[in-house]
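As written in TrEMBL, here are the features:
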type	residues	note
ACT_SITE	Asp77	active site, proton acceptor
SITE	Arg14	site 'Important for substrate specificity'
SITE	Thr78	site 'Important for substrate specificity'
SITE	Gln162	site 'Important for substrate specificity'
Amino acid sequence: MAAIHLILASASPRRRALVALLGYPFTVVVSGADEDEHLSAPPADYVRHTARAKAEAVAAALPPAPPATRRILIAADTTVALEGAILGKPATPDEARAMLLALRGRDHDVFTAACVLSLDDGRRQEAVHHAVVTMRDYTPAEIDAYIATGDPLDKAGAYGIQHPFNPVARLSGCYLGVMGLSLCDLLPLLRALDVGDRIDPAALVDAHRGVLHTNVASAGEL
Ligand SMILES: Cc1cn([C@H]2C[C@H](O)[C@@H](COP(=O)(O)OP(=O)(O)OP(=O)(O)O)O2)c(=O)[nH]c1=O
């Protein structure tokens with residue numbers, strides 16, 4: 001039987017750490033896909049199109065598979081939407097401050113799409129997770145201190161649910177989906193492509209507490 005090798009089409013250290021939990025060898029290949037192309041679509045469609053574009057961009061650039069290897073490619077996209085308007089990653093600290101003020105004390109939506117390609121037979125599986133997040137009433141001083149850490153700049157909506165700043169008061173949906181890749185969504189997609197998982201339950205519990213142990217990313221990057 002062919003050995004399974006995963007390819008993660010993502011620069012995100014959180015996604016690296018989560019894919020490491022699956023228990024298969026994997027390679028990270030960063031996609032150069034255009035993330036702005038579908039910005040006018042509704043947020044759920046936007047993330048689905050963008051995750052697919054990331055997957056397809058990486059698949060098109062891969063060298064041929066080594067013999068007796070089944071390659072499974074995983075891509076994802078996360079976005080925050082406030083009253084239907086997409087909030088991507090803030091370009092500047094000022095934009096991060098504006099996003100955190102806009103989100104404060106109210107509900108918003110987080111959409112995360114996963115796209116999985118079975119490269120040897122061309123099969124594709126996709127899912128979009130929708131979570132509703134309620135932010136707490138954090139103070140301007142807390143916002144300033146959080147922005148000074150630099151954490152908001154690579155996060156959709158300018159926050160990480162997993163950061164000690166802890167901006168989230170309530171979550172309805174999947175914690176890992178908000179963090180960038182819902183394993184609850186991903187596992188059925190993999191199973192549909194005849195790929196199981198070897199997840200250590202203890203590591204999964206830690207991941208849901210925002211603690212990601214991995215040999216491919218240090219906690220400081222998460
Ligand atoms: C809302 C939220 C987002 N995020 C992150 C997840 C994603 O990494 C990022 C959204 O940007 P994405 O474009 O989804 O991902 P990315 O640019 O980090 O990586 P790549 O495109 O190469 O896969 O925001 C958190 O880590 N915590 C959160 O609470």
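Cβ coordinates come from backbone N, Cα and C, glycine included.
Unlike curated entries, TrEMBL annotations are predicted automatically.
Sorted by the number of other CB atoms within 10 A, the recorded sites Arg14, Thr78 start with Arg14, the lowest. Comparing the Cα of Gln162 (site 'Important for substrate specificity') with the Cα of every entry in Arg14, Asp77, Thr78, these being the recorded positions, the smallest distance points to Arg14. Sequence-distant neighbours of the residue listed as 'active site, proton acceptor' (same chain, 6+ residues apart, CB-CB distance under 8 A): Glu35, Tyr46, Val47, Arg48, Thr50, Ala51, Lys54, Thr112, Ala113. Each residue contributes its Cα atom, and for Arg14 (site 'Important for substrate specificity') and Thr78 (site 'Important for substrate specificity') those atoms are 12 Å apart.
Cβ neighbours within 10 Å of Gln162 (site 'Important for substrate specificity'), excluding its own Cβ and spanning all shown chains: 23.
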